[in-house]
Amino acid sequence: MLPGLAAAAAAHRCSWSSLCRLRLRCRAAVRGPSDRQEWQNLVTFGSFSNVVPCTHPYIGTLSQVKFYSTNVQKEGQGSQTLRVEKVPSFETAEDIGAELKAPLKQEPLQVRVKAVLKKREYGSKYTQNNFITGVRAINEFCLKSSDLEQLRKIRRRSPHEDTESFTVYLRSDVEAKSLEVWGSPEALAREKKLRKEAEIEYRERLFRNQKILREYRDFLGNTKPRSRTASVFFKGPGKVVMVAICINGLNCFFKFLAWIYTGSASMFSEAIHSLSDTCNQGLLALGIRKSVQTPDPSHPYGFSNMRYISSLISGVGIFMMGAGLSWYHGVMGLLHPQPIESLLWAYCILAGSLVSEGATLLVAVNELRRNARAKGMTFYKYVMESRDPSTNVILLEDTAAVLGVIIAATCMGLTSITGNPLYDSLGSLGVGTLLGVVSAFLIYTNTEALLGRSIQPEQVQRLTELLENDPSVRAIHDVKATDLGLGKVRFKAEVDFDGRVVTRSYLEKQDFDQMLQEIQEVKTPEELETFMLKHGENIIDTLGAEVDRLEKELKKRNPEVRHVDLEIL
């Protein structure tokens, strides 16, 4: 066997890497005492002097080369054994021979690998650690209050502003209790179905009883104090709308009488104009009444946008009813001109309309100026951004009414002087065009408001600075502040919290001596996991308390902010 290795050595005499491979083969071949004797003879007779000559160019650098072989064996969980062999440095072929004669040395090196906690697979649906309130436990699992008394009670931080904490139960405990009470999931499902049918029947009876109660009140009269819904029509935009309804209703009646008496196209346009204003202002009153209703589960943010919706419908109504009929009557007057009777009564009615519409216009202007001053905005900017949609509609409608009266009176005067009825038809077209411009403006501004308009940049900056100045906040991102109407603002932001400050806030409330004792008792990975899970959950609760604190402070310093959504980044 060994002569063959010598021949192999001669065949690989020009490469140091080949020599290393040859050493491995020789070690594998030397198994017994006889092989070792032959190997020593081979070295003694100088066979390697031919294999590795002293003038080999790589012999001088062999002191920099080390050869390692590993033998990995498990020695218990979390540790491994690594065996390392070093190849000594050689200067001549004789040194190589002396090294090969020496017995092989093994120097095992112990390397300890870090223990890693095994990752848990929770699956797509994991509810064992979920909390559930008592109301949900009773409704969803058909339990009684007495059944919940036997379960573990956990006090948690309340999501509601009026309470600091409330009691919850583990969902797994509730599910086990429901199976204990009902015996099987099928029996629980049948009970849920029966209760659902009973709830539907109860709602139907409640609806019928409410209807009977309303009929009873209508018959005998309601003696309760005036509600909040009725009080909105005695101040602010509600007062302006009610005044406009009364005045425009009277104007509409008298203008129709004047049109019937004179047959003037301009007077017909003015009558239609007043009729559309009265109907649209009725829609505004309905929107104001609806906007002050209390939020319910179906509409958690309230009904404040009803003012914008009613104003939008009002703009569409002005366009279709006012502008459309005025254009139609003006075109028909151009195509089929007819003589006009005495215009004296028409002039008197237009003069009265000018006075009444001007008075309504002044009421709307004063209300808008007062609101704009309270918001710190100019009158023009307040109107253009439609901050008060109901009053804006009254302002524009009355402005159009005053201009329409002037246009109608001018065209009727030209017709009276020249005797040409075409001027009167042109006046009808002018009033229709004016109404079209007003309706287009109302549709645009109210659509923008309904799409979700941002508040003033200065106000957004003030809210952002309030958050950034808090020590627990590192940065604020993706800030969105939208106007919900009626001076209500919704604020949303991504908050990057400082974990060190939050952790310190938690540690300030802890007993350090007890915590140090707990740390000293930690000896195994399982005990470390229990310690970390306990305090980790408490730190998360502390982070949630910080979010609640920031939300309350935002609402306290900025009363217009009604809804705050701070998302942890």
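Each Cβ is built from the backbone N, Cα and C atoms, and glycine gets one as well.
From a predicted model like this one, the values you see are computed outputs, not experimental measurements.
Per TrEMBL, domain 'Cation efflux protein transmembrane' is recorded for 241-451. The annotation transmembrane segment is assigned in TrEMBL to 240-261, 308-329, 344-365, 400-419, 425-444.
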Long-range neighbours of the transmembrane segment (344-365), counting only residues six or more past its ends (CB under 8 A): 239-240, 243-244, 247-248, 250-251, 254-255, 257-258, 261-262, 264, 267, 270, 274, 391, 394-395, 398-399, 401-402, 405-406, 408-409, 412
Beyond the flanks of the transmembrane segment (240-261) by at least 6 residues, Cβ under 8 Å: 233, 267-268, 270-271, 274-275, 277-278, 281-282, 284-285, 288, 341, 345-346, 349-350, 352-353, 356-357, 359-360, 363-364, 367, 390-391, 394, 397-398, 401
Long-range environment of the transmembrane segment (425-444) - Cβ separation under 8 angstroms, sequence gap at least 6: 265-266, 268-270, 273, 276, 311-312, 314-319, 322-327, 329-334, 337, 392-393, 396-397, 399-400, 403-404, 407-408, 410-412
Same-chain residues near the transmembrane segment (400-419), Cβ under 8 Å, at least 6 residues beyond its ends: 248, 251, 264, 266-267, 269-270, 273-274, 277, 340, 343, 346-347, 350, 353-354, 357-358, 361, 426-428, 430-431, 434-435, 438
